């Protein structure tokens, strides 16, 4: 039955690094880092283990109470910041500066050197990627999110052009502070999670370097017994891998009251190394099920932009699992619950 079916699958099918999914049409916003990059690096090499924590290099941009509050609100769900200790987070907030943008302004341009990492305070932004001389919009941000980390992490040119489609405001973090705190912290995180990520069967189709990038962008979230992790019907913003504990997946029959708990049927349980939350990201539909912690649960979370960017080679495994989900839902409910759009 569904509850006995683990939400992952083995695959030994290797793909070229940073390849797009086989059926890119399944996405509203396709993988955005498939393009030709310059051979040269855009900045100096950096070894986090050799970096000394020099207090004189710390940057502080004074802020009003209102600015500090808005900055903390904008940063609270940024996964790159989730593993920072309070002192590191305080240094990051001190170093960030406000940047006001106009409608139509280019915040970053594909191919340029990376100077800052940006967190969105407000405004809407389109993501453009030029491939073979043709630029196309491959996604957007709507008053939340962050961008610009890849060029700073890996010393590569900007992967895309980000253009404001409304007046807005961003919080910028300079590359020196980003690399001194975020990159150094990620080096420690790699040591913690490399072996765990390496052991996950559904990531076997990723190259070693791609798996390291997955480690770089994941954040850790801890949930208490009974706490809701995702809710059926909500929009999707993250993908989850269970590091420890157990997660119960439930689904309500269509037509049942939102508050009628008895309308929810348990359809699966996920334990260490299994994943959930991918369905809404693959189908670009609201969450098809809810997830709750059983006991204390620790999850690794990846936001939707990183999911689309890095897990393209894993999409075929996830799409095959969708077919399995549909079969099991038919057995439970007599219908596939329309978890994916009907094909024409």
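The backbone N, Cα and C atoms fix where each Cβ goes, and this holds for glycine too.
Taken from TrEMBL, the feature region 'Disordered' applies to 1-27. Residues annotated as compositional bias 'Basic and acidic residues' in TrEMBL: 1-11. The feature domain 'Cyclic nucleotide-binding' is assigned by TrEMBL to 80-199, 202-328. Under the heading 3',5'-cyclic AMP 1 binding site, TrEMBL lists 149, 158. Marked as 3',5'-cyclic AMP 2 binding site by TrEMBL: 278, 287.
Locations of recorded TrEMBL features on the structure.
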| residue | record | DSSP (3 states) |
| --- | --- | --- |
| 149 | 3',5'-cyclic AMP 1 binding site | helix |
| 158 | 3',5'-cyclic AMP 1 binding site | coil |
| 278 | 3',5'-cyclic AMP 2 binding site | helix |
| 287 | 3',5'-cyclic AMP 2 binding site | coil |
Query = Can you give the mean pLDDT for the domain 'Cyclic nucleotide-binding' (80-199), rounded to a whole number?
reply = 92
Ask   = In the domain 'Cyclic nucleotide-binding' (80-199), how many residues does DSSP put in helix, strand and coil?
value = 42 helix, 45 strand, 33 coil
Query = What's the CA to CA span in angstrom from residue 149 (3',5'-cyclic AMP 1 binding site) over to residue 278 (3',5'-cyclic AMP 2 binding site)?
reply = 23
Note = Within 10 A of the CB of residue 278 (3',5'-cyclic AMP 2 binding site), the number of other CB atoms across every chain shown is 25
Cβ-Cβ distance under 8 Å to residue 158 (3',5'-cyclic AMP 1 binding site), same chain, at least six residues away = 108, 109, 110, 111, 112, 113, 114, 148, 151
Task = Using all protein chains in view, find how many other C-beta atoms are within 10 Å of the C-beta of residue 287 (3',5'-cyclic AMP 2 binding site).
result = 19
